[in-house]
């Protein structure tokens, strides 16, 4: 080695061993200069994670304000679809043929944002006459920007157009996806233990029912509240974590009735109960049970300040969907003097089938029994 080269090597700073955030620059003499960016915040100097988080959030803000365009699948973009599927679902669809993907028509769409392909949805009609969402997904870096909602909305509109219920499967450990679909009115119908090839193999089977019941859900300007785009009302299962919120709602809406009630097993009611949230606040609930071979609404209520916000419709919509799933007619009692509630249920297809003169106690009050036929 010449003296000149040896001198340059000595002047060259040592590279930090094991650094994962080294940045390469050059000094005025052309020698490589390495320096380590701070891993944690230092006064006046942001950390690498903070810089990355800021960039990501800025990009997401731009994407949220950018229009999402759904394009048909054609011969010219079928390989774009394949790239999206292989990227979003690695190792799952590698052997699938794509030579007929351009024939999907309305049953398939590619989502574009700022001109970039970012997601896809593919549907088909099952033997059980459901519109089945066989694939729906968004690239990881574009999640949380509303693209999944646009793709799912396309499938829901397609289901309405062809008058078919919409079904899909969600892996048992994918809690966020399950909540996402529930916001759009999907309900769990069964648990399939051996659905996927890879672990975990279990899957929840979710269905959104498209029927005349749903078409009747608009009441004097109220909206069902099951669409994440149209109404920020979320229906959640009763769990050990939120059972105290159910207790609070019941004791607030029905004072004096449940002061000694035991809520220890309330998290086990499954599809028989839901808590409604608006802006992350519990605002209503519904509790059902089977009675006389029917699905009976034991309790349903909304906080006074949230009435006429679509909360009651969203809760009732859940009960109607569940009644359809289990093929049961649905019933409830309404106080004779509560004309507003009577009109509400009548507009949702309930009819008066019986009057009980002393149904309520303390003081004794009469009630109407309202019934909605699910099984024709």
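Quick reminder: no glycine exception, Cβ is built from N, Cα and C everywhere.
All annotation found in TrEMBL is predicted automatically rather than curated by experts.
Under the heading compositional bias 'Basic residues', TrEMBL lists 1-15.
Summarising the annotation, TrEMBL assigns region 'Disordered' to 1-25.
Annotation comment: TrEMBL describes 61-213 (among others) as domain 'N-acetyltransferase'.
Here TrEMBL flags 233-375 (among others) as domain 'N-acetyltransferase'. In this model, the domain 'N-acetyltransferase' (233-375) carries an average pLDDT of 89.
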Residue counts (helix, strand, coil, in that order) that DSSP gives for the domain 'N-acetyltransferase' (233-375): 45 helix, 54 strand, 44 coil
